[in-house]
Amino acid sequence: MFVLVNLKAYPCDHLEVARAAADVADDTGVRVGVAPQAAHLSAVADTGVETWAQHVSPNDYGSHTGSTLAEAAADAGATGTLLNHSENRLKLADIDGSVQAAERAGLETCVCANNPAQIGAAAALGPDAVAVEPPELIGTGTPVSQADPDVVTGAVDAAAAVDESVDVYCGAGISTGDDVTAASDLGATGVLLASGVAKADDPEAALRDLVSGAK
Ligand SMILES: O=C(CO)COP(=O)(O)O
């Protein structure tokens, strides 16, 4: 299982989380990634943890003020990027463009989506992974694997029907090792989470609990 921690714009200590995630991954052999703010990519990557961007633009080099260029994210040490997160939805053409931009820059891609139908559409764009996250469960602490297991199995089936090589992650409310085990039992090969680590009093303890459920 891949445990990917999205720090969003939470006021957490990104370096504390990054160092903890690097240690937990080293100690356990479980794949753990951290997706910080774009301005923190380089500092997070310097800790040695697998580092993901939260978004990259569909643009190539050029006159695109305010864009997050895929090449710049890769130069800063990112090895992957989320796209189309529920809090940063994109037009279909821009998701496609961002997947291509990320691939051009050598970044792994994970396209987020609300439900199995959108997961099928996202998988058709050829990312490395898709992540199903019901928006109504995000930040609630109620795990999608418990509250809405059908959305996870539906996403696994929808992605497989389009392209069996696309990994399927799930997210929303994931915060414990039991949640990670449940996600794995439903067919997900990774989890995407935020508040369970970013808002934890002890992020390292939260991460150790999470990876204890990884298979
Ligand atoms: O949006 C999410 C991860 O990208 C999920 O957020 P929570 O883990 O806070 O529910």
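The first residue you see is number 1, and the count goes up from there.
Keep in mind that glycine also has a Cβ here, set from the backbone N, Cα and C atoms.
What TrEMBL says about a protein is an automatic prediction, not a curated fact.
Database features, via TrEMBL:
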| type | residues | note |
| --- | --- | --- |
| ACT_SITE | His85 | active site, electrophile |
| ACT_SITE | Glu133 | active site, proton acceptor |
| BINDING | Asn6, Leu7, Lys8, Ile138, Gly173, Ala194, Ser195 | substrate binding site |
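Structural mapping of features recorded in TrEMBL.
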{"residue": "Asn6", "record": "substrate binding site", "Cβ contacts under 8 Å, 6 or more apart": "Ala35, Gln54, Leu82, His85, Gly171, Leu192, Leu193, Ala194, Ala198"}
{"residue": "Leu7", "record": "substrate binding site", "Cβ contacts under 8 Å, 6 or more apart": "His14, Val17, Val34, Ala35, Pro36, Gln37, His40, Gln54, Ala194, Ala198"}
{"residue": "Lys8", "record": "substrate binding site", "Cβ contacts under 8 Å, 6 or more apart": "Gln54, Glu87, Ala194, Ala198"}
{"residue": "Glu133", "record": "active site, proton acceptor", "Cβ contacts under 8 Å, 6 or more apart": "His85, Ser86, Cys112, Ala113, Asn114, Val144, Cys170, Gly171, Ala172, Leu192"}
{"residue": "Ile138", "record": "substrate binding site", "Cβ contacts under 8 Å, 6 or more apart": "Ser86, Glu87, Gly171, Ala172, Gly173, Ala194"}
{"residue": "Ser195", "record": "substrate binding site", "Cβ contacts under 8 Å, 6 or more apart": "Tyr10, Gly139, Gly141, Ser175"}
In three-state DSSP terms, the structure that Asn6 (substrate binding site) belongs to: strand
Gly173 (substrate binding site) CB neighbourhood, other CB atoms within 10 A: 26
Among Asn6, Lys8, Ala194, the binding-site residues whose C-beta sits under 6 Å from ligand 1: Asn6, Ala194
For Ser195 (substrate binding site), the three-state class that DSSP assigns: helix
Neighbour tally for His85 (active site, electrophile), based on other Cβ positions within 10 Å of its Cβ: 23
All-chain count of other Cβ atoms within 10 Å of Ala194 (substrate binding site): 25
Maximum Cα-Cα separation (Å), residues Asn6, Leu7, Lys8, Ile138, Gly173, Ala194, Ser195 listed as binding substrate: 14
